[in-house]
Amino acid sequence: MESHEEKLHKLVLQSKINETKDVMKRKASEIDKSKIEKNRGEKGGFMSLQSMGSGRIESTFNDMSISSSGGGGFGSGSGFGLTTDIDSFSTKSKGRPSSSATAPPKGLGMQLAKTQRANQFLESLKAEGEVILEDVHPKAGPTRSAAPPLTDPITLSAEERLNVTLKRDGGVSNFDVQGTLSLQILNQEDGLIQVQIETGSNPGILFKTHPNINKELFSNENILGLKDPNRPFPTGQGGDAAGVGLLKWRMQSVDESDVPLTINCWPSVSGNETYVSIEYEASSMFDLRNVVISVPLPALREAPNVRQIDGEWRYDSRNSILEWSILLIDNSNRSGSMEFVVPPADSSVFFPISVRFTAAKTFSDLKVVNVLPLRGGPSPKFSQRTTLITENYQVV
C-alpha cells in the first residue's frame, strides 16, 4: 500500500501536470490562430501548424508517468517535469518547424515550475490539518579532501585504513587495520636514496616490504632501500597519485581495548514515544577529527526531538538518518552523549550505526627518521604525512 506522503506526492504532481497541460493548450491555440492569420493563402501553412500544435503537446503529456520515487518530496520538482519552449514557435521560419520546438533540450531533463495553484493546494491541505514536509535536499556529507600539492623534494605518506564491526551489546566482530608507506620524489636527482624508519612497539603489526626492497636491510637496520643500490626510485607525480609503495602492514584483533571509539545505544519505549540515549567513549591513544556518528531512524513526518547533545546534529530526512557530529575528540571530551525522542519504534531500527573520522596518529606509530643519499652529501629535505581514516566502521 502507498503511504500518505506518496499519495499526496502524486496528487501534487498530477495537479502540476494538469495545469501545465491547460496552459500549453491555450498557448498553442493562440499561436495557431496567429500563424493562420499571417500565413493565410500560403500552401502548407495550416497543415504545418497543425503538426506543431496542441496535438503534439497533448501526446507529450499523455506519455508522461508519475513515479513516487522520482520527485523526492514536495515543492521541488527536481528530476521530474517538462520544459517546452513556447516562444520558439514564433521564431521558426515559415513551413519548416524544428524538432526542438516540441522536444526538450538535451541534457536539461524535464522540469515543472512550482505554480500558484500547487501552492494553494498545499495551503488548503495544511488548513485541513495535514502535515506537509517541504523537500529539503540533504547536505553533502564530508568527503575526503584532496591531498595538498607537494612542496618538499621528498614526501613520505603513512596511511592506515580502519575496518571495524562492533556488537551493539559489546564486543568486537571484526577489527582490521591495513597500512601503507609510500614515497613521492619530485626531482630525478633525488631518486638515489634510502629511507630509515622507526616502528612503534605494537606487537600485533605485521610488516611486508615491496618485492624490490632489500628485505635483509630492512630486517636488520629498519632501512628501506632497493635491492639494486644503483637504481633510483621513480620520480614525478604522474600516474599513481599515492606515490611508490615501499611498505605494507596489517593488524587484526578481537580486543575491544584496541578500538579507538566505542558507541553505546540504548533505545527504550515509554508510552507513545521512544527515548534513545547514545554515548561514545574514545581511546586516549588517538585524537579524532571530524567525527560523524550516523544513526538510522524510522520513517518520520518531522525531525526527531533532540533533547541533549555534546556536539552538533543534522537530520537527513531523505534517508531518515540522524547525524551526530563532533569536530574534535581529545583529552577534553573523551566521552559524550546524545538523547533524542521519536515515535514508538523497534530497537533494531536504530542499527547499524555508522561512524567515520580521521586521526593524525596510526596504530603502527611509524616514523621516518632520515632519508639517506647514496651518493653522499647532506640529506635531502623531506616531509612525512600520517593519516588514519575509517573505511568501514559500524555498530551492528
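Here the Cβ of each residue, glycine as well, is placed from N, Cα and C on the backbone.
Of the given residue ranges 24-52, 53-81, TrEMBL assigns the label region 'Disordered' to 24-52.
Note on the domain 'MHD' (151-396): its mean pLDDT in the predicted model is 94.
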